[in-house]
Every structure is written in structure tokens, then in C-alpha cells.
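Take a look at the structure set out below.
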Amino acid sequence: MEQHVTPCEDAPPPLMYRVERPVFDEAYLHTQLLHPRERSPKTIRQRLAHCSSERAKAIALSFLPILTWLPSYPVKEYLFGDLVSGLSTGVMQLPQGLAYAMLAAVPPVYGLYSSFYPVLLYTFFGTSRHISIGTFAVISLMIGGVVVREAPDSMFTIQALNGTSTNTTVFIDTEARDARRVHVAVVLTTLVGVIQLVLGLLRFGFVAIYLTEPLVRGFTTAAAVHVFISQLKYLLGIQTPRFSGPLSALNSVTAVFSDITSTNVTTLIVGVVCMVVLYCVKDLNERFKKKLPVPIPGEIIVVMVSTGISYGLSLSENYQVDVVRTIPSGLLPPAIPDFSLLPNLVTDSIAIAVVGFSMGISLAKIFALKHGYSVDGNQELIALGLCNFVSSFFHTFAITCSMSRSLVQESTGGNTQIAGLLASMVVLLVVVAIGFVFQPLPQTALAAIIMVNLLGMFKQFRDIPALWRTSKIELAIWLVAFVASVLLGLDLGLLVALGFAILSNHLEVQGNGQVAETHTESDSEETRFLEPLCPVHTLILDWTPVNFIDSVGAKAIKLIQTYLPAVCCFLTGTLLAELRTLQFFTGVVTPEMVFPTVHDAVLHCRRRTAPPTIPAIQ
């Protein structure tokens, strides 16, 4: 086939488009193209022989990604950056581990355990080079809700007689309560690990696509509200019960304000000062991030200074300021979890497993795209599952990656998970040698760390006006996820948000009219007969089967331009209108990159005489 383009004045030379192929008959098409496997049947012996040592090696490398990069680790280029990054992240890991243990309703030292074992394991099994594994506010809060439900204060109430009088004093056996809550958190973590591990082995890494960006951002904003409310009593120094389930946020706020006259002024002053210092340090880090070699470690500074002041002024004895108290030195021996608790935790563990994975894989993909490598969603599930399952035998609670720590790990020069390994060693040093130093640490300082770290999540409220201008459907998903999670709790809220997102997207697709008829033969078999074109300078996206796109899809298409110029073809009028509403044709993408047919797109691409350099993606 030839096509001649009539030249016009000042136009480039005519383009010649020619396709040549041998004449195919039905027998050839049937045996060579459509059913190629039929021509070479294999016996069981042949199939077993195919599983060679190379296949076994490939499986081992996929299961232990560290083996793919550690043997060729460039010491001179990477070690210094990983060392600085590991120390910076480890210093940040310490206060966050202590603080997020409060959210999980377990003693602070278990936050340190959860900041050591999983980080160590992820170094060997994870595929991301930059995320920081460990405690995370949202997951810790979800664990805390389950723990308080299964081991409420009312289960450990003890009545004691006052001498010879008939008056009784009611108090809570905190030692027995905390031991029970640790058991619940550990069993929950074991089940979360099993679920993630099974999903990874069954290649269910794609489940994260059902947690769309508006849903996740609405859900995490609601989680930030829950976290903020849960820390008010520590900031004010008052004693209120911890609630779980539907309307727990409203009940917590009501309890705090009904007892606000009991505020400990010293506790409040310490907490507010810590918040102001942390906010100023974060602002300085943001303003001068290009000039500072490493971020100022505001959190560890606040922890050390507040601990010193608390110890020097005896805040706990003289001013009744609640402190961390006992932090045992050393690591606890491994123990088998109490599996009798499993039946009550199945639903909660599924929610925590899915949310934890979605948080981790989304951040891992962002860093992988930025630095030009790939992450495997299924292997990430396996890695998180192993981190949670194995670590639970060493008294940890469920973990995922933290955005704030991951940003520090990446921005301070981290190149591989050697940085994460070094960060875990910093935590280990504290647990083994100097954990007792933090016993006078005021709990209000930990509450301040948690609250200030929520600023990034609260900024997600800016999504509302942006989505109002671009996509009402996605705005509705965001609002439903937020409102349902605030009112019903994070577990039921996530379920409601998922159901609404699936239903709304289905109705939107149905409203876009009939789906265009397409040729559905497998592209993978046809492309076996095509010679690869190298170098590839333009990607042509055939949108023939596409009849709906949301903001997440539009962002993904625009991200392709970061690595490879792309053009689109065969967009319906409805789809074009949606893309214009989503402000798709701005920046690197223009309407001049959209064509009515694949052939028009190919002719346009043929004009490119100097292909751009494409960064290697490994």
C-alpha cells in the first residue's frame, strides 16, 4: 500500500508509507499465527526439562530482589549517600516509632520493635529502593481501633476497699490491659501478613487499582481527622476513654470537651511549644531544602530537649505530666501469637492489609518513576506480608511505608535499601543500649509530633475545589470516602467508599454511550511477527476501546511524556470533552498530539528525524 501526500507551498517533502508482507493463506494463519502452540506439542518430560536452572535462578532473584543489585553495588558512588540517608531516616524513625505506638494503643517500646524488624526484612525482599518501611499513622490508628475494641478498659477494672471503710476505689489494671492489647495487635499483624503474602503469591498485586486516588486521599484525610482527635487528650493532659467503631470520632470529641476543665496547663504548654518548634523546623527544611545538606532533625531534637526538661524539672512528679515511663532494654525473645483471637480479626485484617499495600505501592511507584526503575506489585505484597508475618513473632504491629520518612530517605541521598538497613541499626542501638533515656519523655511531645506530621494530609482538603472544577464524580468519591470514614470508622468507611466508587464509575461508563466496536484478537501473538523498532522515538496510543477516563488515568498518560513522547489517536468526542474538563491539554500535552486515525499518527511521527534520548528504565 502506498500513500502520496500532495505537497503544498513551503511544506516538507512528501511522505511515503509502505507496508510489505508475504501472502498469507488460511493454513498458515491457523498454524503459525492464531494457534502457534499447536504445531509443537510438548510431553510432560519436555515441559519438566524446560524448568532449567536458569528458571530457578530467575525465581530466586524475583523472590530476593537484593540479589539483583547487591553484587554490583557501586560502593564509591552510593555508600556515602546511603550512609547519610540511613542515619537521617533512623533519627526520624525513633520518635515516630514511639509516637505511633500510642496510636496503636500499645506501650511505646513496641513502636521501636516495629521500626526495626520489618525494616530489616524489607531490605532483602522489597523492590523499591527509596521507601521507608515502618510505623505509619493511618495503619497504627486502624490497629488501635481494633485493639481498644477487643481489650477495652472496662475489661480490666478493679475495685479496691479503702481500709476498713465500705468505700471502694475503682482503678484500671494497666499492666494486664497493655499485655492483652499487645497480644491483640500481634495476632492482627500476623493475619495481615498472611493475607498480604497469599495475595502476593496469587499475583493479586493489581488490587491496588481499585483504590483510586480520590478514594485514597479522601480516606487518608479522614484518617488524619481521627488521628488528630485521638491526640487531643494527650495534648491537654486529660483522661478520657478511647472509643472505636461508628461515631467514635464524635464520641471522642464530646468526651474531651466535657472534661476540658481538667486540662493540665503544664502539659498543654509543653505540647504547644513542641508543636511550634516542629512546625518552624519543617518550614525551614522546606524553604532551604536546596541549601541544607540534610534536613534538620526537628523531631529528635524535640524528643531529646523535652526529655531533658522533663527529667530536670521532674515534670511527672511535680506537675503530673504523663510520661512514657518504662522502656525495657534489649529485644524480647520470639513468641507464638495467641491464635484464639483470629476469628474476631479477619475483617479488620483484610482492610489493614489492603490499605497498607496501597499506601506502599503508590509511593514506591512514584519514586521508581522519578529515578528510572520499576517495582513489582506482587513482590511488594510478598515483601510486606513477610515483614508483617515474621516480625509479629517478635512482638511488632502492622507496618507500611511512611511518606515523610520516605521523602527524607530519598532527599538525603539514599540510593538503595542499604539506607533502610542502616536506619534499622540506629533503632536497634537505641533499643539495646539507651532506651531507658527516653523514659521521662512527655507523652504530649509525642502527640505534638503526630499532629504536626498530619499537616501534609490536611492539605488534601485542597482537592475539593480542584475536583469541583475537573470531575464531579471523583469529587463525590472523595467526599463519600471522607465522610463515611469519619462517621463510620476507617474499616466500614473504606468499605462504603469502595462500593460507591465501583458503582459511580460503572454508571459513568454506562452514560458515555455505546462502546466502540473493536478487534479483540490478542496483540501479543501478532506482535511476535513484528521486528522491534529501535530506537523507539514516539509511542502511539490507540484509544479505540476507551470510552471513559478519570483524573488518575489522565495523569498517568501525561506521566508517559516524562520518558517517551507519545501521541494519541481515535478519541471519541465524549472522551475529548472529558479530557478538556480534566485540563489534560496543558503543559506537555496539546491537541496537536491527537489524531483521528492510527495512520495519521504514524505519518506525523515519521516527520521526527532526530529521536530524543530515552532514559533507561530497568
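Glycine residues also receive a Cβ, built from the backbone N, Cα and C atoms like all the rest.
Among the features that TrEMBL reports, transmembrane segment is placed at 98-125 (among others).
As annotated by TrEMBL, transmembrane segment applies to 131-148 (among others).
Beyond the ends of the transmembrane segment (184-211), by six or more residues, the same chain brings 104-106, 110, 143, 146-147, 150-151, 337-339, 341-342, 345-346, 348-350, 352-358, 361-362, 376-393, 395-398, 498, 501-502 to within a C-beta distance below 8 angstroms of the stretch. Summarising the annotation, TrEMBL assigns transmembrane segment to 184-211 (among others).
Taken from TrEMBL, the feature transmembrane segment covers 260-280 (among others).
Taken from TrEMBL, the feature transmembrane segment applies to 292-313 (among others). With a cut-off of 8 Å between Cβ atoms, the residues of this chain six or more beyond the transmembrane segment (292-313) that come close are 84, 88, 91-92, 94-96, 98, 270, 274, 277-278, 281-282, 284-285, 319, 321, 323, 408, 411-412, 437-438, 440-442, 445, 448-449.
Here TrEMBL flags 350-369 (among others) as transmembrane segment.
Long-range contacts of the transmembrane segment (381-398) within the same chain: residues 63, 101, 104, 106, 110-111, 113-114, 117-118, 121-122, 125-127, 133, 135, 139-140, 143, 182, 185-190, 192-201, 204-205, 331-332, 334-337, 352, 356-357, 360, each at least 6 residues beyond the stretch ends and with a Cβ under 8 Å from a Cβ of the stretch. If you look up TrEMBL, you'll see 381-398 (among others) marked as transmembrane segment.
According to TrEMBL, the feature transmembrane segment maps to 418-438 (among others). Proximity of distant same-chain residues to the transmembrane segment (418-438), defined by a Cβ-Cβ separation under 8 Å and at least 6 residues beyond the stretch ends, is recorded for 73, 78-79, 81-83, 85-87, 89-91, 93-94, 97-98, 108-109, 112-113, 115-117, 119-120, 122-123, 132-133, 303, 307, 324, 327-331, 409.
The feature transmembrane segment is assigned by TrEMBL to 445-461 (among others).
Residues annotated as transmembrane segment in TrEMBL: 476-503 (among others).
According to TrEMBL, the domain 'STAS' annotation covers 539-605. DSSP states for the domain 'STAS' (539-605), grouped as helix (H, G, I), strand (E, B) and coil, give 30 helix, 10 strand, 27 coil.
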Highest-contact recorded stretch vs the transmembrane segment (445-461), from 98-125, 260-280, 350-369, CB pairs under 8 Å: 260-280
Reported mean pLDDT - the domain 'STAS' (539-605): 75
Intrachain neighbours beyond the transmembrane segment (350-369), with Cβ under 8 angstroms and 6 or more residues off its ends: 127-131, 133, 136, 138-139, 142-143, 188, 192, 195-196, 199, 205, 207-208, 211, 216, 219, 375, 377, 380-381, 384, 388, 398-401, 403, 406, 410, 490-491, 494-495, 559, 562
